[in-house]
Amino acid sequence: MTSAAVQSKSPPSINAVDEDNLSANDTQILTSAEEADPELKLPKRSSLVIILLANALLQISFFIIVSSSNEYALHLGGTSTFSAGVVIGIPTVFSGLTLIPLMKYDRGGYGLALNICCAASISGMVLYGIAYKANWLYLILLGRITSGIGFAMWMYCKRFCSDPRIVGIRRRTTLASWLMVGNGVGMGLGPLLGGIFYRYVGFGKGTGDVWNGFTSPAWVLAAVWAAYWVAVRMWFEDVPPIEKPSENIELREKAPVQLMEDTFNDDPVNASGASYRHHAHPSPSSSTMPSPRSPSPSIVPNDKLEVGQWASVICICWFAMASFFILGAWEANIPVCEYCYSKFRRELTQLNSIFRCADGSVNPHLNFTPFAAGNFLAIGALGCFPFFILNVFLARRVQDRYTLMFGAGLGGIALIIFLALVSLDKTASGGSNNWVSSQIGVGTAPAFFICWFAVALGFNVASTVTMSLLSKQLPATVRWNGMSSVMVQYSNYLGRVTGAVWGGAGVSVGMTRYVGLEIAITGIGLALASSVWKHLKAKTG
């Protein structure tokens with residue numbers, strides 16, 4: 001009775017603060033509102049930093065060997081196709097195989113996955129590093145398989161940033177944007193550091209079978225992961241484990257009525273983003289305690305999806321797959337194109353430094369070394385970094401569906417432009433073959449670089465909101481948060497594996513067909529989003 005009376009005296013609109021129209025005097029009110037409003041809650045800062053660092057380190061571990069793995073595989077008797085599969089395909093496959101058994105034992109937490117991630121990442125890097133001394137190609141494969149087990153942590157990073165127990169609905173896109181910043185760090189620093197190690201550690205004085213241009217990135221990352229593991233053990237605070245269903249049922253039956261009334265603050269959201277929260281003053285009858293055996297039906301959230309929600313799920317999963325398919329294809333194709341040109345360089349000199357693909361289209365003379373290929377990938381990704389930071393602040397004001405369409409549209413336009421350049425043999429227009437340009441990589445084919453920059457920016461931005469948007473479409477329960485994380489992550493894995501294969505085969509099938517398929521996949525996604533546009537509406541933040 002007393003709690004109900006106190007509640008009726010409190011301002012009814014404290015949870016409906018308009019963040020865009022605040023004066024300086026409202027700062028203190030907003031701070032208290034953020035602390036009280038479950039839509040704005042955030043996890044413990046140290047745990048959040050640990051998760052964001054895990055995402056960035058996984059990205060660096062994934063990309064740091066991209067620039068030199070092709071040469072490494074060739075040195076040990078492999079092929080470029082083997083290199084593309086080892087770098088992108090194989091780790092992703094085993095990461096996907098690890099998820100299901102790992103989720104069976106994690107009890108809804110993150111500590112187990114973090115510890116397995118650290119152990120697998122260190123072991124994988126060590127195996128990759130000793131392959132040179134052992135002179136055995138398949139140690140590279142075993143190392144990347146082991147690292148792939150650690151890559152299962154990617155799903156847990158997404159799940160952590162959308163977990164309704166610790167993250168409010170208006171903070172999920174913001175945290176997803178920080179994950180994208182980590183993706184940008186990995187895509188940029190990974191190939192750059194790999195190229196630097198290959199170029200400046202090399203194979204001269206002070207190097208040997210253990211420490212050289214191929215193995216040095218693996219040894220450095222193994223040490224970084226070991227230090228990070230210590231930080232995890234010291235500062236990460238896991239969420240409470242999920243109770244068994246029988247215990248939940250018993251708790252619900254014996255819970256005091258005051259706890260049931262508090263569940264109105266959970267503010268479930270439907271597929272259109274509309275809130276069910278009631279801001280009106282409580283009626284006098286609400287001050288009387290209802291019978292424990294007759295709880296309100298609105299307290300129990302609907303755990304079944306409507307047709308519109310399922311359509312949104314299909315659309316979002318398509319974009320999650322398409323973004324990583326296209327990014328993976330480009331990341332695999334650029335180093336492979338360099339190798340294909342180098343192999344046939346002498347025979348193609350008389351053809352004005354171009355060669356013809358299977359479909360009759362032409363590829364430019366890139367003449368990339370592993371150092372230049374790493375720089376080409378890295379500078380494009382690092383150029384996107386300021387836009388990734390900007391997106392963190394825009395996430396609180398721009399709807400996820402607009403971000404999704406903008407990213408896919410920008411990437412699609414870049415693909416169309418690149419297709420035109422390939423068809424007209426203008427990919428290397430404005431390029432220079434001097435020493436500086438060949439070392440940086442960008443100066444060799446500036447038009448190609450601009451397309452890569454736009455593709456990296458567009459599809460990274462589009463992939464940002466897939467997890468946060470899907471979590472807003474589904475019921476705010478731990479069960480659905482886990483299911484949505486798995487759906488998005490397996491869509492990402494499917495895109496990475498097939499994209500890597502497609503990128504490695506780009507020269508064989510022809511560059512026009514290679515780009516044409518990517519344009520078709522993007523177009524299908526845009527058509528799906530247009531057909532379910534009203535169902536993609538969700539709360540910002």
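Count begins at 1; order follows the chain as displayed.
Each Cβ is built from the backbone N, Cα and C atoms, and glycine gets one as well.
TrEMBL: automatically predicted annotations, no manual curation.
Because the structure is a prediction, the values reported are computed rather than measured.
Per TrEMBL, the features are:
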COMPBIAS  282-291  compositional bias 'Low complexity'
REGION    274-298  region 'Disordered'
TRANSMEM  48-66  transmembrane segment
TRANSMEM  72-100  transmembrane segment
TRANSMEM  112-130  transmembrane segment
TRANSMEM  136-157  transmembrane segment
TRANSMEM  178-198  transmembrane segment
TRANSMEM  218-236  transmembrane segment
TRANSMEM  310-330  transmembrane segment
TRANSMEM  371-395  transmembrane segment
TRANSMEM  402-424  transmembrane segment
TRANSMEM  444-470  transmembrane segment
TRANSMEM  514-533  transmembrane segment
Ask   = So, do the transmembrane segment (444-470) and the transmembrane segment (514-533) meet, by the test of 3 or more Cβ pairs under 8 Å (sequence gap 6 or more)?
value = no
Query = Which bits of the chain, at least 6 residues beyond where the transmembrane segment (72-100) starts or stops, bring a Cβ under 8 A of a Cβ in it?
reply = 62, 65-66, 131-132, 135-137, 140-141, 144-145, 147-152, 154-155, 214, 328, 331-332, 335-336, 339-340, 486, 489-490, 493, 496-497, 499-501, 503-505
Ask   = Hey, which bits of the same chain come close to the transmembrane segment (310-330), Cβ under 8 Å, at least six residues off its ends?
value = 88, 271, 404, 407-408, 411, 415, 452, 455-456, 459-460, 462-463, 466-467, 469-470, 473-474, 487-488, 491-500, 502-503, 506, 514, 518, 521-522, 524-525, 528-529, 531-532, 535-536
Query = Mind checking which residues reach the transmembrane segment (112-130)? Cβ under 8 Å, same chain, six or more beyond either end.
reply = 50, 54, 57-58, 61, 65, 102, 105-106, 139-140, 142-153, 156, 210, 215, 218-219, 221-222, 225-226, 228-229, 232, 236
Task = Please indicate, using numbers and ranges, the residues of the same chain that are 6 or more beyond the transmembrane segment (402-424) and have a C-beta under 8 Å from a C-beta there.
result = 173, 316, 319, 322-323, 326, 361-363, 391, 394-395, 447-448, 450-451, 454-455, 457-466, 469, 511-512, 515-516, 518-519, 522-523, 525-526, 529, 536
Non-local residues, at least 6 beyond the ends, that sit with Cβ under 8 Å of the transmembrane segment (178-198) = 52-53, 55-68, 71, 157-158, 161, 213-214, 216-217, 220, 331, 370-375, 377-379, 381-382, 384-385, 388-389, 391-392, 456, 460-461, 463-464
